[in-house]
Each structure stands twice: as C-alpha cells, then as structure tokens.
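S.K.: This is the structure I want to talk about, given as structure tokens.
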C-alpha cells in the first residue's frame with residue numbers, strides 16, 4: 001500500500017489563491033507533514049491515513065486512504081482549504097470538490113528544490129509566513145551544504161531496493177534518485193525505461209553496485225544476498241544500509257535527514273576503498 005502510494009509522487013505543486021485560512025484538511029501523509037512544517041498545524045481538522053508526523057497528526061480525524069477519500073465527510077467539515085496530492089488522490093472526486101467551491105492546493109514536489117518552494121507557498125495560508133520561510137531556508141541551507149561537500153567526491157554506484165517482494169527499484173531521475181545524487185550516488189538502474197522497474201537479483205549482480213540500500217519498510221536484508229556473497233562485493237564488504245523510509249520516500253523537510261544519512265553511508269564506502 002505504501003509503495004503504491006509512493007509511485008505517484010511526481011508532479012509539482014499548484015497554488016490555490018493564497019490567503020490565511022482557518023480550517024484545513026490534508027489528503028496525504030506528505031501534505032500533512034508539510035502543513036505542520038509551514039505553520040499550519042493548528043488549522044488542520046482532518047487528514048489521511050498514515051499521517052503520523054509530527055505526533056499531533058496522529059490525533060486528526062481520518063478522511064482519506066489509498067482507496068479514496070470520504071467525500072461526504074469532507075463536505076460536512078466544510079474546510080477553508082484542502083491539501084491534495086495530484087495523482088495520489090482520485091481526480092474525479094477532487095474535481096467534484098472544486099466544483100462545489102472548495103479551495104484545493106495540489107502538492108507533489110518532484111525535486112528537492114520543490115520541497116522548499118512548496119513550504120513557502122503553503123506559508124501564504126498561515127496567519128504568518130515566518131515559520132514556513134524559516135523551514136524552507138533551513139532546508140535550502142542544509143541541502144546546499146551537502147552539495148558543496150560532496151560535489152567533487154568520487155561517485156559511488158548504488159542499488160536502491162524499494163520493495164523486496166517483488167524486488168523493485170527506482171530508475172532515472174524518479175524520486176528519490178535526486179536524494180542519492182546529492183551525495184554522489186550513481187544509480188545502477190538509471191537507464192531503465194520503467195520508472196520503478198521490477199528486477200531480479202541476477203540483474204543486480206551483473207551491474208555490480210558498490211553499495212545496496214533498503215528502507216525501514218523494505219530493508220536490504222543481508223540474508224537475501226548471502227548466496228551471492230562471492231559475486232557481490234557490496235555484500236562481502238557489508239555495504240548494505242537501511243534508510244528511514246518516511247524520510248526518503250516522502251518529499252518533506254525530513255528528506256534532508258535521509259540525504260545526510262545517505263551521504264554518511266557513501267562516505268563510509270569511499271573510505272573503505274582507500
């Protein structure tokens with residue numbers, strides 16, 4: 001379920017006419033988290049399933065999940081603003097909500113820079129934009145610091161195991177490849193035609209990644225690769241690392257934590273090669 005939802009994180013934000021609002025409903029976990037970071041937490045009255053950060057989000061009424069949205073309940077709550085996930089929330093129901101006169105802000109950061117700009121856009125709905133501006137500024141500063149530190153470092157080839165059964169990875173510039181690229185990571189499946197291809201262990205072995213990453217929901221379990229230890233130096237050298245899934249797969253301010261974590265792991269791999 002988490003993976004099916006994750007696949008749709010591809011489109012940029014659309015800004016509804018911005019002015020301070022009193023009540024907000026969020027229809028995805030990442031828009032809920034972004035709302036809190038932008039200073040809108042006290043205005044949220046309902047959210048989607050898996051809206052679990054920050055802690056206060058867990059107490060919100062649930063009006064959406066991967067199956068769809070609770071249209072009647074949303075209409076009854078009469079929010080001033082709805083935060084939606086274009087592609088993740090059903091287009092027919094979203095169109096109907098707009099036809100009924102509800103203001104909708106669509107968010108899908110497709111790049112790391114989009115996270116900061118989306119925070120600033122959301123801040124326009126707050127009583128004061130200061131918190132959103134600070135969150136965006138902090139994100140940009142930490143991102144710039146990582147880029148400066150790693151821009152001249154030796155590239156490191158990696159395999160990112162997004163799902164284990166079936167084994168699925170990320171190709172090309174699709175999210176979250178941008179996060180790995182900040183640290184000098186080179187995706188061994190960057191040339192795949194499919195955005196999120198299903199692959200085999202044999203394909204991974206042929207491409208010989210220097211490091212293997214998994215997430216807390218699809219961990220790079222060493223036992224999965226034990227039979228291939230001789231063929232995969234990454235396994236032999238114990239270059240298998242787990243990254244916190246919500247940090248990496250949700251485009252939010254916490255994505256910078258995933259980037260910092262990945263950069264540290266890639267530096268370990270570089271150091272071991274000396």
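In case you wondered, yes, glycine gets a Cβ from its N, Cα and C as well.
Automated prediction, rather than curation, is the source of TrEMBL annotations.
Bear in mind that the values here come from a model prediction, so they are computed numbers and not experimental data.
Pulled from TrEMBL, these are the listed features:
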- 1-18: signal peptide (SIGNAL)
- 23-274: domain 'Fe/B12 periplasmic-binding' (DOMAIN)
- 50: cyanocob(III)alamin binding site (BINDING)
- 72: site 'Important for BtuC binding' (SITE)
- 202: site 'Important for BtuC binding' (SITE)
S.K.: Hey, does DSSP put the residue listed as 'cyanocob(III)alamin binding site' in a helix, a strand, or just coil?
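M.R.: DSSP call for the residue listed as 'cyanocob(III)alamin binding site': coil, neither helix nor strand.
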S.K.: Quick check for the class: what is the C-alpha distance, in angstrom and rounded, between residue 72 (site 'Important for BtuC binding') and residue 202 (site 'Important for BtuC binding')?
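M.R.: So the alpha carbons of residue 72 (site 'Important for BtuC binding') and residue 202 (site 'Important for BtuC binding') sit roughly 49 Å from each other.
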S.K.: So what's the average pLDDT for the domain 'Fe/B12 periplasmic-binding' (23-274)?
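M.R.: Averaging the confidence scores along the domain 'Fe/B12 periplasmic-binding' (23-274) gives 93.
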S.K.: Work out the three-state DSSP category of residue 72 (site 'Important for BtuC binding').
M.R.: helix
S.K.: What is the separation, in Å, between the Cα atoms of the residue listed as 'cyanocob(III)alamin binding site' and residue 202 (site 'Important for BtuC binding')?
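M.R.: Distance between the two Cα atoms comes out at 34 Å.
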S.K.: Using other CB atoms within 10 angstroms as the count, which residue among the recorded positions 50, 202 scores least?
M.R.: 202
S.K.: What three-state secondary structure does DSSP assign to residue 202 (site 'Important for BtuC binding')?
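M.R.: In the DSSP reduction, residue 202 (site 'Important for BtuC binding') maps to helix.
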